[in-house]
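Peer 1: Sending over a structure as structure tokens; questions will come in a sec.
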């Protein structure tokens, strides 16, 4: 089993950067997709804030706020310019004020692995940042991506200058920008994009300096496959994510790509995958649930990019799993707002059950059945749930059906 220590969880005298993780009652909405920049997005979300709050979401993950060479926001250039394809700085700040009014935290997508230059420098590459805020020169760019800085401390993001986080002046400027987002603009949470691209030690430094209430990193690499498909044992995959979390000083969560990879195969009649060799959930959720942000799809895996989509006919089975289980569930905008009122309302019902039964990120899981066409578990000793078309219901008169849908059912005591 993967190793971690839970000193951080047990400390009650941490600063507020630990409070949200210790509480463990988060439900996140990813509030955009890959096409959102084509619409008046900040204004669109402004109109949805009351529903987001009423539905039980504690935080909404917003797209990258800064000016970017690509409209989606993932090729940032002038970090301090908040006029983007999603809308103006004025509309963004208005949205953030409304979210605060409705007690929904705003999560900023922090894209600091790479930055597009404005002028040509060393080697004729666009690796200088003249004429904009944070006017770095080539020493801010890693040597492996055309700069005069040091080698990268992580994986390269090809095609654009990668930021050299070993440089003190770079880290100082990034911290200043993060503090500005946190204290002046109005974001409370951070999501670190392409977190494999630089050492988790720097994530630890940035969180410690800017003090977001909650942070999550994107550590996405391939699951373990063999000639016949997905391996049953994904321990090495989840251990890589666990190791990244540990290297942040345990103060950041991470997206549970292991659970996503397993769950989207399990719903195809392979529910035996949802129980590991120790009888626990097989993803990061099974080893370190308080740091595991579970999800079905995001703007990369789903939406119009569809790099690794969850099977569309099984989406509600997926949400019945992550919304009743430990970890920190994250719901995708498309599923919640674009796939019809039935799915929207079923998700809201599951969130409501989670709240009423006080299921949280550390709730216990007792797997009762994990067969080809049936998965059943008791979570927190408060709810019981099943997935699949196998016939099953909990024994005992204590259980009352709370909700059900296509290939899922949930009971409570």
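Placed from the backbone N, Cα and C atoms, the Cβ positions cover glycine too.
According to Swiss-Prot:
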type	residues	note
BINDING	74-75, 191-196, 220, 222, 239, 246, 280, 286-288, 299, 305, 386, 411	substrate binding site
ACT_SITE	193	active site, nucleophile
ACT_SITE	218	active site, proton donor
SITE	300	site 'Transition state stabilizer'
Peer 1: Spatially, and counting Cα to Cα, which of the recorded positions is closest to residue 280 (substrate binding site)? Options: 193, 218, 300.
Peer 2: 218
Peer 1: Which one of these binding-site residues, 74, 192, 288, has the sparsest Cβ neighbourhood, judged by other Cβ atoms within 10 angstroms?
Peer 2: 74
Peer 1: Enumerate same-chain residues with a sequence separation of six or more from residue 300 (site 'Transition state stabilizer') and a Cβ-Cβ distance below 8 A; give 'none' if the list is empty.
Peer 2: 34, 220, 307, 308
Peer 1: Could you tell me which of these binding-site residues, 280, 386, has the greatest number of Cβ atoms within 10 Å of its own Cβ?
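Peer 2: Buried the deepest by this measure is 386.
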Peer 1: If one measures from the C-alpha of residue 74 (substrate binding site) to the C-alpha of residue 193 (active site, nucleophile), what distance in angstrom results, rounded to a whole number?
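Peer 2: Checking the Cα atoms of residue 74 (substrate binding site) and residue 193 (active site, nucleophile) gives a distance of 9 Å.
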Peer 1: Relative to the Cβ position of residue 218 (active site, proton donor), how many further Cβ atoms are located within 10 Å?
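Peer 2: Counting Cβ neighbours of residue 218 (active site, proton donor) within 10 Å gives 21.
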Peer 1: Where does residue 192 (substrate binding site) sit in the DSSP three-state scheme?
Peer 2: strand
Peer 1: Round to a whole number and give the Cα-to-Cα distance in Å for the pair residue 195 (substrate binding site) and the residue listed as 'active site, proton donor'.
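Peer 2: Taking the Cα atoms only, residue 195 (substrate binding site) lies 5 Å from the residue listed as 'active site, proton donor'.
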Peer 1: Measuring C-alpha to C-alpha, could you say which of the binding-site residues 222, 288, 386 are within 10 Å of the residue listed as 'active site, nucleophile'?
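Peer 2: Checking each Cα against the residue listed as 'active site, nucleophile', there are no hits.
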Peer 1: How many whole Å apart are the CA atoms of residue 218 (active site, proton donor) and residue 192 (substrate binding site)?
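Peer 2: Between the Cα atoms of residue 218 (active site, proton donor) and residue 192 (substrate binding site), the distance comes to 6 Å.
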Peer 1: Within 10 Å of the Cβ of residue 195 (substrate binding site), how many other Cβ atoms can you find? Include all protein chains, please.
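Peer 2: I get 28 for this one.
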